[in-house]
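S.K.: Before we start, here is the structure in question, set down as structure tokens.
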Amino acid sequence: MNIEERINIINFDKGNGLIPAVIQDYKSKEVLMLGYMSKESLKKTLEGDTTWFYSRSRRKLWNKGSTSGHFQYIKEIKIDCDNDTILISVNQKGAACHTGNKSCFYRDL
């Protein structure tokens, strides 16, 4: 399946053009973060070897690690049963969270 065919499987309509992308560590399976992807950021992710997201606050694409050097190298991408969420397993270089923590999910509620 080519990249366009892979993108067309996904239902972007439910999220107003965005889908949630759960990022997990490839080896430990720890959830590192949740980001949102547009068709364009997903295409860039599928074309390369690092993750791209759509920033809802800045309203633009961003490559995770482009500023910090904490890139997420893609190992595997899976889609959920409703075709509206993806799970990306990565080899995380450095911290995934902007706070410097390995995971964005480090606080108890």
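Cβ coordinates are placed from backbone N, Cα and C, and glycine is handled just like the others.
Per Swiss-Prot, the features are:
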| type | residues | note |
| --- | --- | --- |
| BINDING | ASP80, ASP82, ASP84 | Mg(2+) binding site |
| BINDING | CYS81, CYS97, CYS104 | Zn(2+) binding site |
S.K.: I need the least crowded one of these binding-site residues (CYS81, CYS97, CYS104), counting other C-beta atoms within 10 angstroms of each C-beta.
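M.R.: Per-residue Cβ counts within 10 Å for the binding-site residues CYS81, CYS97, CYS104 bottom out at CYS81.
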S.K.: Say we define neighbours as other CB atoms within 10 Å of the CB. Which of the binding-site residues ASP80, ASP82, ASP84 has the fewest?
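M.R.: ASP82, out of the binding-site residues ASP80, ASP82, ASP84, has the fewest neighbouring Cβ atoms within 10 Å.
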S.K.: List, in sequence order, the residues of the same chain other than ASP80, ASP82, ASP84 whose Cβ lies within 8 Å of the centroid of the Cβ atoms of the recorded Mg(2+) site.
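M.R.: Not counting the recorded site residues, we get ASN11, LYS14, ILE79, CYS81, ASN83, THR85.
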S.K.: If I take the alpha carbons of ASP84 (Mg(2+) binding site) and CYS104 (Zn(2+) binding site), what is the distance between them in whole Å?
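M.R.: With distance taken Cα to Cα, CYS104 (Zn(2+) binding site) is 22 Å from ASP84 (Mg(2+) binding site).
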